[in-house]
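Undergrad: First the structure, which I've put down as structure tokens, then a few questions once you've had a look.
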There are 4 protein chains.
Amino acid sequence: MTPPEPRRRSASAHLAILEATWEEVVEKGYAGLTVEGIAARAGVGKQTVYRWWPSKAAVLLEALNARTAQTSDFPDTGDIAADLAGQITGVAEFLASDGGVVFKALLAGAQSDPELAEDIRRQVIEPRTQACADRLAKAQAAGELRADVDPVDIVELVYAPLYYRLILGTRPISAPDMRHQLDRVLAGLRA
Amino acid sequence: MTPPEPRRRSASAHLAILEATWEEVVEKGYAGLTVEGIAARAGVGKQTVYRWWPSKAAVLLEALNARTAQTSDFPDTGDIAADLAGQITGVAEFLASDGGVVFKALLAGAQSDPELAEDIRRQVIEPRTQACADRLAKAQAAGELRADVDPVDIVELVYAPLYYRLILGTRPISAPDMRHQLDRVLAGLRA
Amino acid sequence: MTPPEPRRRSASAHLAILEATWEEVVEKGYAGLTVEGIAARAGVGKQTVYRWWPSKAAVLLEALNARTAQTSDFPDTGDIAADLAGQITGVAEFLASDGGVVFKALLAGAQSDPELAEDIRRQVIEPRTQACADRLAKAQAAGELRADVDPVDIVELVYAPLYYRLILGTRPISAPDMRHQLDRVLAGLRA
Amino acid sequence: MTPPEPRRRSASAHLAILEATWEEVVEKGYAGLTVEGIAARAGVGKQTVYRWWPSKAAVLLEALNARTAQTSDFPDTGDIAADLAGQITGVAEFLASDGGVVFKALLAGAQSDPELAEDIRRQVIEPRTQACADRLAKAQAAGELRADVDPVDIVELVYAPLYYRLILGTRPISAPDMRHQLDRVLAGLRA
DNA sequence: ACTTAACCGAGACGGTACGTCGTGTCTTGGT
DNA sequence: ACCAAGACACGACGTACCGTCTCGGTTAAGT
């Protein structure tokens with residue numbers, strides 16, 4: 001739900017809404033997240049929220065994006081194992097923090113809202129998947145990894161355990177754990 | 001004065017509620033699932049729902065369990081790869097059907113309800129995880145797999161891609177895809 | 001807007017709403033009268049108001065009726081002038097009190113709501129008009145008044161000055177004033 | 001530093017607003033009359049309405065005045081009965097048309113707005129009352145009418161039935177009806 | 001002819017109330 | 001005793017207008 005072109009949109013209200021949304025969801029969880037609550041905490045009329053976003057989930061998505069915008073391209077030191085380990089550590093740390101709570105909330109919301117699901121995929125998942133897949137393709141070309149596996153499948157194998165823990169809550173997400181799992185995945189993919 | 005366990009619970013109402021819940025969630029999604037809707041479709045008073053379950057999610061969990069109760073123990077043909085492939089095929093087929101929709105709904109609900117999350121883990125995840133981990137331990141003992149990896153970690157590696165697709169919706173869940181991913185995981189775990 | 005047959009209607013909520021409505025309208029005027037305010041003061045959910053009345057004006061009408069139900073039949077002492085004077089004094093006193101404020105509010109509301117207008121006519125105006133007209137017809141038969149004027153026209157002549165002052169607010173409604181006006185009307189109607 | 005009275009008011013916007021107001025109130029009634037609707041129909045910004053009038057009712061009052069400005073002084077043919085009949089016919093015809101709808105709307109609005117009520121009295125009611133009362137005083141001096149009744153009371157008696165029908169809607173306002181009522185009133189007032 | 005400031009349309013803003021929906025509890029008959 | 005039906009207090013929904021507030025863009029004085 002990218003908001004319409006900001007014609008004469010109030011920057012301060014916009015920002016206050018994103019901040020308020022983040023705080024509300026961290027405090028009260030997704031079920032306790034309310035457009036009314038967001039507007040009240042942001043000191044804004046409800047209409048101002050509805051004017052620019054179609055649902056509370058869309059606000060939440062933008063609030064999340066606003067905090068993770070920088071994470072764009074993938075490192076390339078020539079050592080794919082190290083590069084992946086570095087990335088997965090960062091993601092693990094993010095998901096173990098408030099960011100994880102918010103992201104989980106977003107995924108929950110997406111389940112009843114196909115448009116939101118599509119937006120999450122397009123804005124959050126795909127860019128990162130693509131960057132990672134590109135790096136993996138280079139590693140395959142360099143002979144570091146088997147070339148007979150679709151890089152997108154590798155991305156799935158590498159990141160899936162993170163989401164598994166995030167969603168099922170079987171065990172907490174810890175960076176060392178996730179790196180171990182990464183090692184095991186890579187063990188089956190070497191050239 | 002010892003009351004008979006389930007006092008005078010109406011079996012027919014109970015069943016009608018589970019059926020109605022399943023249909024409602026498949027038709028309208030989790031967000032459109034309502035105790036009122038369930039009661040109305042089941043031809044039952046709301047109170048009858050509230051009497052036996054704490055929340056709509058709990059009903060949904062029981063509705064799911066009622067449809068998957070049989071799946072309890074893990075096959076053991078002596079060939080761990082074949083056994084895992086068989087299991088994962090079954091799970092993939094289940095999650096690709098209405099069952100997947102309902103399970104996804106349940107996970108969404110669990111995100112705002114720690115008790116439900118705990119119930120899902122205990123009733124759905126852990127028994128299956130345990131059964132699978134036991135089978136994996138036997139395979140390790142038989143020298144089919146590396147013994148230096150916690151079987152629970154292996155379960156995570158093996159099933160995570162399924163949940164990844166279920167939750168993120170990046171690509172549809174297909175049994176052959178999931179078997180390919182399984183092969184790659186196992187490639188890194190052979191003794 | 002006669003409320004639907006009170007199937008299992010809560011008598012206490014019903015009453016609290018009527019009381020609250022009266023107080024609210026007296027305190028804040030018709031423009032300040034709010035279903036939300038009524039519900040809050042009555043300690044009742046908004047839905048409970050909407051369940052039984054189609055609009056705030058309908059509640060107000062019933063609140064008014066609840067306070068004037070007794071005023072039904074017309075005295076008959078054999079002296080039409082005295083009987084009319086007695087009645088008009090009572091009405092003047094009522095309209096000069098809080099009742100006037102409420103009644104005026106009701107008329108204002110009726111202006112944008114034809115159904116309410118109809119209800120006011122049927123429940124408030126017509127019964128009283130009819131009773132008065134009947135008494136006037138007897139007076140005509142008894143030779144006290146000209147028989148060539150429709151009694152309903154006489155009712156109009158007799159009561160119109162009251163409404164004139166109520167609505168236009170040119171001068172306050174006072175019982176002696178209204179009796180003087182009555183005298184002048186009757187002066188033209190003697191047999 | 002004395003600003004020229006109506007500084008640089010746009011005559012066309014002003015007029016468009018009055019027209020739009022009249023049309024809106026006739027179409028949708030007073031309750032459906034909104035400043036937003038007026039501004040939109042007049043092709044004008046809301047601010048332009050608020051700049052010149054304190055409320056929608058004030059606009060309505062001016063819109064009404066703009067259509068009835070001419071009606072100023074009272075005829076004097078020497079026959080008070082004929083003069084009153086002529087006047088009342090005109091008023092009845094006006095009130096039976098769209099003008100009645102608008103005037104009724106205005107009275108409704110005045111009920112929650114004492115300032116508006118005062119304005120209506122001063123601008124609409126009193127000038128006409130005064131003109132009529134003056135003519136009546138002359139009639140009393142000429143011996144056409146009893147001199148022991150305050151002319152303002154007579155105005156009230158004469159016009160009240162009109163307002164009675166306008167507000168209560170018991171019967172439609174028709175010029176012949178109103179003239180009959182006038183006759184009966186005058187019957188009691190002859191010298 | 002050229003500033004320059006009031007006025008214009010448009011419409012975003014913080015608010016209040018709307019009338020509706022669903023929650024979870026409570027009450028009333030009926031079986 | 002338990003049930004269906006549904007009223008109840010409550011809280012959030014998404015919408016409509018309120019009256020105030022910028023925004024540029026005319027437009028008519030007053031130089």
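Any Cβ shown, glycine's included, is placed from N, Cα and C.
Because the structure is a prediction, the values reported are computed rather than measured.
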Undergrad: Looking at C:34-53, C:54-73, C:74-93, which one does TrEMBL call DNA-binding region?
TA: C:34-53
Undergrad: Let me know the model's mean pLDDT on the DNA-binding region (C:34-53).
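TA: It averages 97.
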Undergrad: Would you list the DSSP helix, strand and coil counts for the residues of the domain 'HTH tetR-type' (C:11-71)?
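TA: The breakdown for the domain 'HTH tetR-type' (C:11-71) reads 46 helix, 0 strand, 15 coil.
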